[in-house]
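Participant: Let me give you the structure first, and then I'll get to my questions.
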Amino acid sequence: QVDAFYASIILFAGRVWDAITDPMVGFFISKTSWTRFGRLMPWIMFSTPFAIISYFLIWFVPDISTGQVMWYLVFYCAFQTLVTCFHVPYSALTMFISREQSERDSATAYRMTVEVLGTVLGTAIQGQIVGKVDTPCIGNPFFFGLPNSSVAMEELNMTQDTESLTDTRNAYMIAAGVIGGLYVLCALILVLGVKERRESSELQSDEPVSFFQGLKLVMNHGPYIKLIAGFLFTSLAFMLLEGNFALFCTYTLGFRNEFQNILLAIMLSATLTIPFWQWFLTRFGKKTAVYVGISSAIPFLIAVVVLDSNLFVTYVVAVAAGISVAAAFLLPWSMLPDVVDDFKLQHPSSHGHEAIFFSFYVFFTKFTAGVSLGISTLSLDFAGYQTRGCSQPGQVNFTLKMLVSAVPVGLILLSLLLFKLYPIDEEKRRKNKKALQDLREESNSSSESDNTELASIV
């Protein structure tokens, strides 16, 4: 029941705050001392209970007449911060479990498979629990002559009785409780099942540098900038597709009762094909996998808007989109450890910057989600989208076609061009792996020699 303007302010302010906290958390992690649990695990352990509380309070409706906007702003920003305290060390953990590139790639494949599966599970839980509450659409043609949807929302709110509103509130609270329980369970599995290894990421001869020096070094590393740029446009393309596909199926294609199953087909397809892309990148290389995997969605995205509305074709497109989503999820993350290794070879006297690499990667993931939300909301608003309308004007249907087809295709082509400039191919990876092994052996032998000399002096 919060006004749409204030809801937008809350979401925008939360995204801005989130953009600040990602590098801040990366900074604090880089300054964190090693404990018996590791450097990263304490962040995961201590942020989890507070993240659960703040998430639950996001969906709670306080019994206050004023101050609701501030309530949601505070707890939305708090939740974004606490998720960052979990997600940055969780992502960087890949660099602290093994020195072997193949093992890191395998760990990334498992991680992304379960992340996509978690997205499916979360979407299903939220959709099934909240979806049981009947929220009727607005069918009065009068609303389609209005400049915006605020009057339509007010009319809907006036016609909803108190009992229905209470049921809706309870449904959101139940869903929040179930998802919060899953959050705790998965965090326990992570903390109890994964051992952080200090020696996996550091050379014994390393000398630490300050955070800002490290940040300057990281952001001046060419392969990292090229990878981030390609990752940014790829993520934005698929965020636009996923964010608007439900509306596209409901209004443009007319499959109001099928869109949940279509979205489920996308995510299940992505989950099941991540192991295939892991095999593909091992067999043909990561850059080849990027070209094939991400570009495979283009013909299907074009077909879904060119061909007449057909449920079978829509499911085929959903499965094909899921295959590309799997590649977009997996490949950029599996390429990031290679960039970190390349950085270490160029800067052997600097260490402890893994959190910086991963924090900006996490930031761009969230940034693209915010940009996607902004582009979609503004475009549909200009087109005359009516919130909860049973049908939409022709301009809205045209805009939805652009948001799920033309714009993602353009962004995918741009990202492929940027990935073409990415310099770390399979030959470069092998050379870096050998050079790192030689550097570690040299570092270890130098350390042993120093110890022997010290012992002889004593």
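Glycine residues also receive a Cβ, built from the backbone N, Cα and C atoms like all the rest.
Nobody curates TrEMBL annotations by hand; they come from automatic prediction.
Relevant sequence annotations retrieved from TrEMBL are reproduced here:
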type	residues	note
TRANSMEM	40-61	transmembrane segment
TRANSMEM	73-97	transmembrane segment
TRANSMEM	171-194	transmembrane segment
TRANSMEM	224-241	transmembrane segment
TRANSMEM	261-281	transmembrane segment
TRANSMEM	288-306	transmembrane segment
TRANSMEM	312-334	transmembrane segment
TRANSMEM	355-378	transmembrane segment
TRANSMEM	398-422	transmembrane segment
COMPBIAS	433-443	compositional bias 'Basic and acidic residues'
REGION	433-458	region 'Disordered'
Participant: So, do the transmembrane segment (224-241) and the transmembrane segment (355-378) meet, by the test of 3 or more Cβ pairs under 8 Å (sequence gap 6 or more)?
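Facilitator: They are in contact.
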Participant: Is the transmembrane segment (398-422) in contact with the transmembrane segment (73-97), using at least 3 Cβ pairs under 8 Å (sequence separation of 6 or more) as the test?
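Facilitator: When sequence-distant Cβ pairs are counted, the transmembrane segment (398-422) does not touch the transmembrane segment (73-97), since fewer than 3 lie under 8 Å.
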Participant: Residue list, the transmembrane segment (171-194) vs rest of chain: Cβ under 8 Å, 6 or more residues beyond ends.
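Facilitator: Tertiary neighbours of the transmembrane segment (171-194) are 37, 41, 44-45, 48-49, 51-52, 55-56, 58-60, 86, 90, 93, 97, 118, 121-122, 125-126, 129-130, 132-133.
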Participant: Go through 40-61, 288-306, 312-334, 355-378, 398-422 and flag the stretch with the largest number of C-beta pairs under 8 Å relative to the transmembrane segment (261-281).
Facilitator: 312-334
